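**Student:** Here it is: the structure, laid out below.
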Amino acid sequence: MSKKIKEFTKWTVLLVLTGISAAIAASLMIFLIELIQGLSFGITHGSFDDQISYVNPIRRFFSVCLSGLLAAFGWHYLSKYLNPSPTITEIVHKDKEPKPSANFLHGLLQMATVSMGSPLGREGASREAAVAITGSWLPYIKLDKNKSILLLACASGAALGAVYNAPLATLIFIMENVLLSWSWKNAYAASVTSFIAVGFVNLVFGSEIQYKIQQLEWNTDLFIWSLISGCLLAIIIYTYKSLLESSPKKDPKSKNYLIFVPLSFILVAILSLYFPEILGNGKAGLIYYFNQPFSATYAFPLFLAKALAVYITFYAGAYGGRIAPSMMMGGALGLFTAQLSNMILHSHIPIQFAILIGAALFLAIINNIPIAAVLFLLEITGQPLINGIPVAMAMASAYLTIYFLKKFAQKKSRKV
């Protein structure tokens, strides 16, 4: 019995260390993001998300162009002169060893490019840095392979939770997306690391709800809309996901990479002259949709601009996350469908609730996290868990639609 207690205590201590490592990575990235955004856009007060539309358009343009050059030459030389850093998926599921220096630099580059205006997500930066920090001390601990992998998986997820202040969604994310495995052992490891990381960052930066909105209320129209919109939005989101996944993989070592990546960022820079909220990970756009009066002549083109910006930068071969961009685009779709329903059918759908549901659907489908997405949107908007019911209904409707879409595609491919 004493041996089991010692092993459990040792394991818990390692989980706490992993949570602290993730928190250090997240804290460093939060500090650097604010520093680089301030230098790039001259924002000295307020947040990037509130102030980006007031930044001189020419300054926005050149910052994004410089971000493209940094992305192109940074990843080109990183791939050419350092061994390619293994992805988190490769580390967890293909037994590849983390390369702390390469993983850290890869994450740093993602953070820098997004802070300078890349339209992609920056969550990969903190996750890569957390894996790098954890991977730097793991070799000094005698652990079997499976436990080492579990610690690295938890580090990557906990860093994400620390950045967004969403511990509950994060522990589900670790099992649903990173480990692809559900067990009490995984749940315990994910819980300890997530709550330690979030708690540590809250002590340093304060407990901030990222997308704080008032507590939302349901009505009958919302439940009906949730089921119908789940089907409709699933088709749009699944199509966009297929488009992203069909993009040919680019080799950062090739000379073409040094051409296509800067060109894609120039296109994004041009779009930013008219739609500044497309810059950065997507938080500015989602906050705009949540808080600004609806204007179809701006809101819909903004959505198209973000979707195009994300697609062309991924197509060119730039690296970045998909979490915040997904939420912005999904929030836009939720907004449009709810506004149309209210105008044409004279329904009374709460617009902010529709935006939240759309954001959750896009986030879930693009990143394969249906359960975590529901909890994630509730946590980052400060909603009670009970408000997850209409979100979960829309999610069930969406995933049922995707199931039939896949079945239809399989039958069609067999006939061909």
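Residue numbers in this text run from 1 along the chain shown.
Cβ atoms here come from the backbone N, Cα and C positions, even for glycine.
Annotations for this protein, taken from TrEMBL, read as follows:
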TRANSMEM  12-38  transmembrane segment
TRANSMEM  58-78  transmembrane segment
TRANSMEM  149-175  transmembrane segment
TRANSMEM  187-206  transmembrane segment
TRANSMEM  218-237  transmembrane segment
TRANSMEM  257-275  transmembrane segment
TRANSMEM  296-317  transmembrane segment
TRANSMEM  323-341  transmembrane segment
TRANSMEM  353-378  transmembrane segment
TRANSMEM  384-405  transmembrane segment
**Student:** Is the transmembrane segment (353-378) close to the transmembrane segment (187-206), in the sense of at least 3 CB pairs under 8 angstroms with a sequence gap of 6 or more?
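**Tutor:** Touching, no - the transmembrane segment (187-206) and the transmembrane segment (353-378) miss the threshold of 3 or more Cβ pairs under 8 Å.
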**Student:** By Cβ distance under 8 Å, which residues at least 6 away from the ends of the transmembrane segment (323-341) in the same chain are close to it?
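**Tutor:** Beyond its ends, the transmembrane segment (323-341) has Cβ neighbours at 119-123, 160, 221, 225, 229, 232-233, 236-237, 240, 281-283, 285-286, 289-290, 294, 296, 299-300, 302-303, 306-307, 310, 347, 349-351, 354-363, 366-367, 377.
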**Student:** Among the recorded stretches 58-78, 257-275, 353-378, 384-405, which has the greatest number of Cβ pairs closer than 8 Å to the transmembrane segment (218-237)?
**Tutor:** 384-405
**Student:** Is the transmembrane segment (353-378) close to the transmembrane segment (58-78), in the sense of at least 3 CB pairs under 8 angstroms with a sequence gap of 6 or more?
**Tutor:** no
